[in-house]
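Chemist: Take this structure, written in structure tokens, and hold onto it; I'll ask about it next.
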Amino acid sequence: MASRPLAIGAALIAAGLVLALVLGPVAAVLARAGGWGALGPGDWQALRFTLWQSLLSATFSVALAIPVARALARRRFPGRGLLISLLGAPFILPTIVAVLGLIAVFGQNGLINGSLRALGLPGFSVYGLHGVVLAHVFFNLPLATRLLLQGWLAIPAERFRLAVSLGLSPRAMFRTLELPMLLRIAPGAGAVIFVICLSSFAVALTLGGGPRATTVELAIYQAVRFDFDLGRAALLSMIQLGLALAAGLVALRLGTGGGFGAGLDRLVTRWDGRAGLPRVMDAVWIGLAALFLLTPLGMVVARGLPGLAQLGAGSWAAAWNSLTVALASTLLCLAWALPLSSRWGEWVGLVGLAVSPLVLGTGLFLIVRPFANPLSLALPVTTLVNALVALPFALRILRPEAEAVRADYARLAQALGLTPLAWVRLVLLPRLRRPLGFAAGLTAALSIGDLGVIALFADPERATLPLQVYRLMGSYQMEAAAGAALLLLIFSFGAFWLCDRGGRANADA
Amino acid sequence: MLTLENMRYTDGDYSLSADLCLAPGRRVAIIGPSGAGKSTLLDLIAGFLTPKAGRLLWQGQDITATPPDRRPVAMLFQENNLFPHLSLARNLGLALRPGGGRLTAAEGRKLESALERVGLGGLSSRKPGALSGGQQSRAALARVLLQARPILALDEPFAALGPALKVQMLDLVQEVAGELGALVLLVSHDPQDARRFAEETVLVAEGLAHPPVETRALFDAPPEALRAYLGQ
């Protein structure tokens with residue numbers, strides 16, 4: 001096997017780079033942060049808004065997920081497997097694409113306002129707190145549903161059999177079997193979603209804004225881009241860091257145990273809920289959830305198709321940038337993940353998740369500025385941050401399999417005296433082909449769809465595709481924006497599909 | 001001569017001591033109750049474990065600190081003796097070129113003839129998954145043949161095979177080892193294997209690897225520890 005000292009050396013180098021690239025920017029932020037007096041009332045408002053919208057988003061996501069997960073756990077219908085797979089899709093769906101889809105449904109000229117107008121009823125605006133929460137629920141309802149569905153499917157079938165033979169009423173059944181599970185899983189699921197929403201940037205950028213709907217992440221961006229007040233940006237970054245760490249630790253403690261949810265296609269046979277009303281209610285919940293998740297995507301496709309023809313040179317250049325950045329950050333992420341695919345390596349990877357992209361970006365901005373124009377480094381910095389952010393997910397996918405390969409073949413390789421290079425080339429990489437493909441697909445899709453650091457760094461000449469969509473929206477070129485969004489959607493799902501497929505093809509046992 | 005000189009291995013509460021000599025070219029069975037340390041003894045000899053005290057010598061040379069691939073030992077494991085994603089040719093090629101480089105024409109012929117020797121001629125492009133359990137064992141033996149080391153360590157590699165197939169494989173091991181002139185160490189929990197295959201037997205029990213005894217003599221007049229193991 002890769003002779004041990006060499007493997008350990010590679011792991012240490014990788015870990016050192018990750019830690020330096022995360023802690024360096026954090027140190028820069030801490031060093032640059034101004035006194036608390038630098039914060040204006042708007043900044044405190046941003047802090048309050050961040051907490052409030054996260055709380056609302058987490059509550060609604062989990063509350064709505066309960067009936068949906070329950071329905072999915074106990075009903076069998078055609079397309080059930082597909083629907084459950086689709087619940088994983090928002091993870092790689094570019095935020096800006098979802099936002100455009102939501103605007104197409106809930107916006108001023110969207111489906112719902114259009115219908116209201118036709119009926120002579122007053123319309124509503126999608127911008128502000130409710131828009132931000134709506135988008136967060138769109139992203140996190142599927143996640144909550146998957147986590148709860150896992151909980152439901154983990155209740156042993158024998159318990160349901162026992163309950164039915166005891167003749168428990170539906171109420172008693174809920175209280176003895178399902179409520180305890182919900183009390184165990186739901187707080188953890190809520191905490192995870194709360195943490196995710198705390199560092200919401202792209203959604204707040206597009207649907208929030210203004211003094212009353214600004215998150216801390218958005219305030220950082222505004223302090224850098226509009227006020228060029230780096231001291232205040234650093235201070236806000238510190239607040240964001242504290243928030244994320246505190247909430248992250250709580251979420252870690254509560255834990256949900258859920259990974260990527262293997263085996264969700266199982267169905268628990270139950271004897272309750274066979275009456276007419278529960279059946280209808282389950283069908284309604286599943287139908288509403290599917291409608292809520294699929295209509296915006298359908299609208300992106302419908303509105304994007306005519307827009308594809310209007311894509312200008314700027315959009316194609318941005319598309320090219322996005323693909324290069326995604327390719328580079330995928331390679332970087334995997335180069336990090338391979339040597340770190342061990343228990344302690346996974347902890348190192350989590351560090352990258354604890355620090356939000358905008359905080360990382362601000363820190364890097366501060367570090368780079370004395371030496372170079374940060375704006376000219378927009379793409380390399382985006383590549384780096386994207387790789388760091390995807391690293392924990394790549395490690396979660398790779399670690400179990402990498403450990404299995406080592407457990408199974410390290411002795412044989414040692415007995416043969418395989419050189420380190422031969423071990424990596426002939427054993428490790430081929431054996432890890434499937435999880436590598438999956439991890440690469442996830443990283444590439446996340447990177448292609450990312451709208452975060454790039455907004456902080458980009459000048460008018462440089463853009464990635466998500467930023468280009470945002471700019472087109474900002475200049476009210478909605479047709480072109482829809483076309484670029486469709487292209488973005490195709491890229492991110494296509495990249496995921498290609499990599500994942502590549503890992504599976506001819507991957508024999 | 002393979003010499004285990006006052007060797008002692010400990011791991012927590014577990015401990016194993018050995019002070020014995022094994023002659024080149026002999027066939028030696030290592031038997032004893034499970035958990036007594038048969039595989040540990042083999043791992044110490046093959047270099048996957050390091051003793052806390054004592055020395056390991058081969059032909060008078062100290063190899064206590066030598067890494068596994070530079071010891072005079074070729075090993076067959078209980079499982080995972082072949083990489084499942086590589087063809088037999090690639091798998092066996094690694095025994096000749098651990099860097100994964102291309103084989104010369106002469107090496108290629110050597111590889112083919114090793115496969116023929118174990119009855120797998122013409123199957124070099126197959127992957128292990130396309131072979132039966134017995135064929136996989138044969139392929140692993142062909143690998144050992146290519147490694148051509150003077151000690152052959154077998155850690156119950158045929159445990160998953162049926163009785164008839166196991167006998168066949170042990171016969172093949174005997175032939176292959178005879179051609180190499182190798183010392184064979186066979187770990188087994190089955191006393192029948194020892195009787196059929198081994199000239200000498202090492203009994204591992206109660207934290208001690210006893211010096212080798214002629215197999216027939218051992219079973220004709222079993223000492224206390226062996227009687228307990230055999231349930232007599």
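Every residue gets a Cβ built from N, Cα and C, even glycine.
Automatic prediction, not curation, is the source of TrEMBL annotations.
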Chemist: Of A:219-243, A:344-368, which range does TrEMBL call transmembrane segment?
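Modeler: Going through A:219-243, A:344-368 one by one, TrEMBL gives transmembrane segment for A:344-368.
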Chemist: Among A:7-29, A:283-305, where does TrEMBL put the label transmembrane segment?
Modeler: A:283-305
Chemist: So, taking each listed stretch (A:283-305, A:317-338, A:344-368, A:436-458) in turn and counting its Cβ pairs to the transmembrane segment (A:375-397) that are under 8 angstroms, which one gives the highest count?
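Modeler: Between the candidates A:283-305, A:317-338, A:344-368, A:436-458, the best contact partner of the transmembrane segment (A:375-397) is A:436-458.
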